[in-house]
Amino acid sequence: MSRPTTPLLDKAPIPEALRALPESDLPQLAQELRAELIDVVSTTGGHLGAGLGVVELTVALHHVFDTPHDRIIWDVGHQAYPHKILTGRRDRIRTLRQTGGLSGFTKRTESEYDPFGAAHSSTSISAGLGMAVASDLSGEKRNVIAVIGDGSMSAGMAYEAMNNAGALDARLIVILNDNDMSIAPPTGAMSAYLARLVSGKTYRSVREAAKQVAKKLPKFLQDKARKSEEYARAFFTGGTLFEELGFYYVGPIDGHNLDHLLPILKNVRDTQEGPVLIHVVTQKGKGYAPAEAAADKYHGVNKFDVITGKQSKPPANAPSYTKIFGTSLIEEARHDDRIVAITAAMPSGTGLDLFGEVFPQRTFDVGIAEQHAVTFAAGLASEGYKPFCAIYSTFLQRGYDQVVHDVSIQNLPVRFPIDRAGLVGADGPTHAGSFDTGFLAALPGFVVMAASDEAELRHMVRTAAEYDEGPISFRYPRGDGVGVDLPERGQLLEIGKGRIVREGTKVALLSFGTRLQECLAAADELGAAGLSTTVADARFAKPLDHDLIRRLAREHEVLVMVEEGAVGGFASHVLQFLATDGLLDRGLKVRALTLPDTYQDHGKPDAMYAEAGLDRTGIVHAVFAALGREAVAAPFSA
């Protein structure tokens, strides 16, 4: 299929050129930008619906504001693809999320038009406030605009930032992109007229004069005057909550109508007051019928056919780890009505959508609020329930204080299923699950597990369900399982006990997580080179299986620990035990294979693991290096 024809977009490769276009050309430019976006994502995959919803808003922002001098911060960044196309990156846009290509999120090192990197939600207002205050301190005059979705506004951090911005009376513009909850839908021409009126210079100068007069009144009359003005505007336009936080509220307005957007943005740009919140209502997937009809299915997409909207998904050889978790938890919940499930706005991503279909009264989606999710789970556990608080590894970082203070110190039996453990590929370093083993295994009394395959995951779900002595976690990766046979229900694992998968005599490979398959492949290659190799599945990073580690250390010349996590995790705990137990005193050759001490850019997971030395070849090379020998070529192909 040929690429769309885009004569106006071709003339506007950067915002300076866009600002030279007459306003009458902008609707056509938006249409061309939308067509380009659909064509791009159909070939690369990625986040489509959010970007389609902000096409007109993106065009309007870059037309009205002097970027990059003025700062635009996109919360999360899923919606930033149109922004990338308009800011000098169109020639590389078809490398999106590919190895060596453009990031799927905003990234400071990628463009001067990306003043702040993003990928986790609800950070834009805090970052924008910092930039606004920095501008004031430096004596510079610039506009700072934070664009945040209504979903991100469910996180407490956004309100913390707004409260601070209101107290500072900072010159900050927040655009609330309301594309899902429809907090207050626009009501046509009257809504647009009122929004334009209250954002204009005349109204605001009169308002400012009234405020100066009010300052001469007794305080109780000042408060009454302020409240009267706020509620009068709120009667027509809404926004009382934001006014209470110290923001001047404008909206709601139609985010797809440039005739409404442009004058309001200009009014706000030209005022000296702040902070201001502009409430813009948009539609996810706008302008592409399949995405409009099923916004949830077009949030993140694989490559797809533009005509039909059908996504191309390679056939799976095994069910996904996420699905195995969801179905396993359903099975356990049938045996125990105290089991409840908690997600922080990721029901389908964590597999809890399946659980919710069977047990809707026992499923809780708390929104983008990981801190609350963890302490909410702690409260449930304190009353005898068995909460499974399912959060991606990267997002669990957001609730770590609650894990320590509210769960671990009180030794409450909260279960933490940790999805997206290890490298996640196209989403890059912001979404990699690198650190959970390290930050959880450091906590006294915390049980930390990792599944080596889908059957082990099923066992760990049951083990967690029946473990009541304290907090417990189990991690598993994105993607499909390896195709092992699955029991109908998991087995109960002995806490702190691993397993020997293959017996050998010379080399021992101790795996924590799904690198077990690579360890087995490495053992085949080592065996072909005359090095008999034991392969063990640790299962637990805490408590460690001391007996297993002693056996591996005493009966082998080389011990290699392999994990899909950062330095400071499983291997570090094993090394400390080896040293404390005196097992390093007899000449044991030890190597620890972890993720590198850097943030790996996005790419294909297999290639990223190979780069990290965590594939078969990397493991084999580590063994030969420990022995002081050159690796020999394998007699078989990968």
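The first residue you see is number 1, and the count goes up from there.
Cβ atoms here come from the backbone N, Cα and C positions, even for glycine.
Thiamine diphosphate is bound by His78, Ala119, His120, Ser121, Gly151, Ser152, Asn179, Tyr288 in Swiss-Prot, and the record lists one more residue there from Glu16, Glu357, Glu370, which is Glu370. The distance from the Cα of His78 (thiamine diphosphate binding site) to the Cα of Asp150 (Mg(2+) binding site) comes to 13 Å.
Secondary structure at Glu370 (thiamine diphosphate binding site), as computed by DSSP, is helix. Sequence-distant neighbours of Glu370 (thiamine diphosphate binding site) (same chain, 6+ apart, CB under 8 A from its CB) are Ala344, Ile391, Phe395, Leu396, Arg398, Gly399, Gln402. Counting only same-chain residues six or more apart in sequence, the Cβ atoms lying under 8 angstroms from the Cβ of His120 (thiamine diphosphate binding site) belong to Val76, Thr394, Phe395, Arg398, Thr430.
Neighbour counts of Cβ atoms within 10 Å were compared across the binding-site residues His78, Asp150, Gly151, Asn179; the minimum falls on Asp150.
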